[in-house]
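K.L.:
Residues or ranges marked as transmembrane segment in TrEMBL: B:16-37, B:58-81, B:87-108, B:129-147, B:167-187, B:199-219, B:255-277, B:289-314, B:345-378, B:399-417, B:460-478, B:498-517 (among others).
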Amino acid sequence: MDDQAVRERDARAYEAVHEAADFTELKRRYRNFVVPWTIAFMAWYLAYVACNNWARGFMSHRIGGSHINVALIFGLLQFVSTFAIAALYGRFANRKLDPLAHGLNAKYKRERRR
Amino acid sequence: MNSLLIPLATEPGNRALTISLFSAVVAVTLYITWWASRQNKTAADYYAGGRSFTGSQNGLAVAGDYMSAASFLGISGQIALYGYDGFLYSIGFLVAWLVALLLVAELLRNSGRFTMADQLAFRMKQRPVRTAAATSTIVVSIFYLLAQMVGAGSLVGLLLGVKSEGLKAAVIILVGALMIIYVTIGGMKGTTWVQIVKAVLLMAGTVVITFLVLLKFHFNISDLLGAAATKSGHGESFLQPGLLYGKDLTGQIDFLSLGLALVLGTAGLPHILIRFYTVPDSRSARRSVQWAIGLIGVFYLMTLALGFGAAALLDTGKGSAVAESKGNVASPLLAESVGGGAGSIGGAILLALIAAVAFATILAVVAGLTLTSASSFAHDLYANVIAKEKPSEKSELRVARFAAIGIGAVSIALAIPAQKLNIAFLVALAFAVAASANLPALLFNLFWKRFNTAGATWSIYGGLISAVVLVVFSPVVSGKPTSMITGTDFHWFPLANPGIVSIPLGFLFGILGTYLGRDKSSEERYNELSVRALTGAGAEGPAKH
């Protein structure tokens, strides 16, 4: 087969996958996870940056008479939330995205052989 | 510069120890390079390490590529001098990985091949898009590279206790020569293993020092913080925001601007992006980022202990070695202190160890940056723009190797005269350009069907030029006693960090370019791109030998 024919065959296979109901579902699941979580962690991070600028009284509040203050805890919570969202996304992708992606990948390979 | 700058390794025995550990680092990395070179056969081997690294291996390499000497020595040093505010950089650097994990890493792995430009060129006109993406790749990498190399010169001088300009230049040439060797001979496989070894060394070294610091305070964090606050002379305000950033409204907006560039820059750094091509599939790309987040997060938590430990245990006042080095020697001196103090055997060993880790850190990062620019030059500019007809894989790889030598030589030539400049802003500028030029183009390409060639070139050049121009006319370059150029004042932009203006501009240029460019041919392959990005159908597989 020449290059042109290969391209056309691949394009048809991609189009077939794109039309599949599973692909619409995959896109929907991905978007529904990624959009709200991205907004959430950006807002949470910018809130932290803003508090460092404009809420210093609140940030300097010491906790239980120790030298640990709200600013440090807020900063450490950024670490906790980053670890948690990374783990959550991994679990979600393994369970909800990968099976659909595998199925569609197989469909693509079948379509290319047609 | 004064004699206080040479407290380290001044005894001949200590210097011999430091030099032998440095030599060991060089020997091990050169062996890795030689070993890797025997397995480099195809373009996928050279550019992407055969795409056969596992998620955890690549996670270590990503961490090794990302944690520069600036974060290891710089952040702990900033904490030692400015307390809590010194910690803020690391939070932006870490949260940024969520952008990479959720929006970029897997989709890029599935839709690209070797460079950042591949992903754009998938549905755009090859020449203009590759030229734009290669330009910003090389500019970002060179900024970053210069910062590392100038840092290496002064750092090694500091660690060896020699302060001659000649030695600094010699160190820069040595580092440059080594990175050229790693990249031309070892390719991506060699570079990756150098980064993995460095990441392991860096984590191990940091764990040891952190443990010893915490041991001194019986693992009571509050006591450590209290001691740091008292010793610093700032009292409780040492633990609160405000010592370094945001003294007035301009400063506060500047800090917000820095925060934006840090959090959005990482996912647009070309040397990070091409690491995702070294794994067999998108699932391993995801695992890589998760590993990297874990390693980088734990590392930054430890720098917190190192920084406050240095503030509590070392002299950081005016005129001290820590203050004179702008904090850069805080970690090495802390290692010496917790190892038993100056003059003790334990202190000498730990000091030499940390110095060697810092050296390995610099080598691994500069190798990654050189490889990135060389790949982009050969694969994007030479193969798709300069060459009249598609060159063979062999000649493309030959160009990549020559490009690595050229880029190495250029950065040596630029770094030697730049030694006296304050280069700390170069890293922040690299992040700002990555966030303003690269990220808008990558995200629009993946998620906006209407996006086209004009939009891509406008957002890349627009973001790049606005970030650079704003810095040139900022107080970083002129108008303040701390500026690069003194004696004349041509600044009109009030902020040191351009991100808050240049990042929205990058996105805006992308939208404007798209509509003014009118061209709709890039829509044709959008469905194909999104199928490929999300499912991995037709994505480049691992090399089979």
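Here the Cβ of each residue, glycine as well, is placed from N, Cα and C on the backbone.
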K.L.:
Are the transmembrane segment (B:199-219) and the transmembrane segment (B:87-108) close enough to be called in contact, which here means at least 3 C-beta pairs under 8 A that are separated by 6 or more residues?
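P.N.:
Contact between the transmembrane segment (B:87-108) and the transmembrane segment (B:199-219): absent, because fewer than 3 Cβ pairs are under 8 Å.
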K.L.:
With pairs fewer than 6 apart in sequence excluded, do the transmembrane segment (B:460-478) and the transmembrane segment (B:345-378) have three or more C-beta pairs that lie under 8 Å?
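P.N.:
Touching, no - the transmembrane segment (B:345-378) and the transmembrane segment (B:460-478) miss the threshold of 3 or more Cβ pairs under 8 Å.
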K.L.:
Do at least three C-beta pairs under 8 angstroms join the transmembrane segment (B:289-314) to the transmembrane segment (B:460-478), pairs 6 or more apart in sequence?
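P.N.:
Stretch pair does not touch.
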K.L.:
Pairs of Cβ atoms less than 8 Å apart decide it: which stretch in B:16-37, B:87-108, B:129-147, B:255-277, B:460-478 has the most with the transmembrane segment (B:399-417)?
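P.N.:
Counting Cβ pairs under 8 Å, the winner is B:129-147.
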K.L.:
Taking pairs 6 or more apart in sequence, does the count of Cβ pairs under 8 Å between the transmembrane segment (B:87-108) and the transmembrane segment (B:255-277) hit 3 or more?
P.N.:
yes
K.L.:
Report, as numbers and ranges, which residues of the same chain sit near the transmembrane segment (B:460-478): CB under 8 Å and 6 or more residues beyond its ends.
P.N.:
132-133, 135-136, 139, 425, 429, 432-433, 435-438, 440-441, 484-486, 488-496, 498-499, 501-503, 505-506, 508-510, 513
K.L.:
Where else in the chain does the transmembrane segment (B:255-277) make close Cβ contacts, counting only residues six or more beyond its ends and a cut-off under 8 Å?
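P.N.:
For the transmembrane segment (B:255-277), the sequence-distant neighbours (Cβ-Cβ under 8 Å, at least 6 residues beyond its ends) are 47-48, 51, 58, 61-62, 65-66, 88-89, 92-93, 95-97, 99-100, 103-106, 108-109, 112-116, 136-137, 140-141, 144, 188, 192, 245-246, 285, 288, 368-369, 371-372, 375-376, 428, 430-439, 442, 495-501, 503, 540.
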